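Engineer: Pasting a structure here, questions to come.
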């Protein structure tokens with residue numbers, strides 16, 4: 001099959017390929033859609049073809065966003081927590097995502113596609129916060145249209161350059177695969193290094209829910225910091241005797257400012273592997289507090305322990 005035959009096949013199936021690629025990416029699979037959109041734009045036969053591909057991309061994106069929206073609506077913060085397990089920075093994924101959404105509101109969905117990692121986690125936040133469905137669909141469609149439209153337009157404007165690149169890739173296919181393989185290996189090595197770095201940071205003493213509960217019952221002085229975001233606190237209620245803070249250094253410093261530096265400070269989050277609690281504990285220790293412990297198992301473990309203690 002020569003270049004012309006490949007181009008004709010892509011032109012004939014372009015809308016379907018765009019739909020499938022965008023749908024899979026927006027559902028969370030690691031299949032980049034922007035290169036496909038740019039290539040599709042370069043092969044489009046005029047404005048009608050571009051419009052068809054744009055419609056396919058927007059439809060796929062909105063369908064995927066709707067799936068995540070209803071997942072967030074029915075399952076709440078657990079969906080976001082699960083998605084953040086895949087984040088390169090689980091320590092701040094939950095709260096940063098939520099704070100960005102609360103700050104930008106409807107417009108966060110419009111720009112979500114342009115922010116790496118935010119496109120998948122923004123819709124479940126919208127669902128958890130009970131954003132009206134009509135407003136959500138409008139913002140999701142507008143954002144998808146801008147994102148896909150710009151990529152398709154770039155492909156159409158750079159048609160000549162892209163044809164040269166495709167021809168080179170077909171001519172030197174094996175070498176191109178080697179380069180792609182090397183890039184993938186570097187990316188995997190980077191993720192592994194980040195993972196190992198987090199595991200080193202997380203290797204600090206924790207406190208179990210049972211030990212914390214025993215200390216509180218015995219009347220021992222314990223200072224506790226609740227790092228959950230506003231969505232989860234609204235969904236599950238405030239925690240007695242906990243001071244609310246976020247992950248910023250200023251917020252943590254303000255939360256502990258009046259506490260003696262030899263006090264036991266316990267940090268609690270609702271995030272993968274207690275990542276946020278570990279991060280906050282490190283920040284608080286840097287302020288001079290000597291006895292800081294993340295709560296093992298975080299909010300879910302603490303809530304389960306309290307429920308077991310109820311008569």
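Cβ coordinates come from backbone N, Cα and C, glycine included.
Curation does not apply to TrEMBL; its annotations are automatic.
Quantities reported herein were computed from a predicted structural model and do not represent experimental measurements.
Pulled from TrEMBL, these are the listed features:
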type	residues	note
TRANSMEM	15-38	transmembrane segment
TRANSMEM	50-71	transmembrane segment
TRANSMEM	104-129	transmembrane segment
TRANSMEM	136-158	transmembrane segment
TRANSMEM	164-190	transmembrane segment
DOMAIN	247-307	domain 'Rhodanese'
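Walk me through where these features lie, including what they touch and how far apart they are.
Structural biologist: If one looks beyond the transmembrane segment (50-71) by at least 6 residues along the same chain, the residues whose Cβ comes under 8 Å of a Cβ in the stretch are 14-16, 18-23, 25-27, 33, 37, 40-41, 44, 79, 109, 113, 120, 123-124, 126-127, 131, 133, 136-137, 140-141, 143-145, 147-149, 152-153, 156.
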Engineer: Taking only the residues in the domain 'Rhodanese' (247-307), give me the average pLDDT of this model.
Structural biologist: 89
Engineer: Which sequence positions outside the transmembrane segment (136-158), separated from its termini by at least 6 residues, show Cβ-Cβ distances below 8 Å to it?
Structural biologist: 18, 22, 33-34, 37-44, 50, 53-54, 57-58, 61-62, 65-66, 69, 106-107, 109-114, 123, 126-127
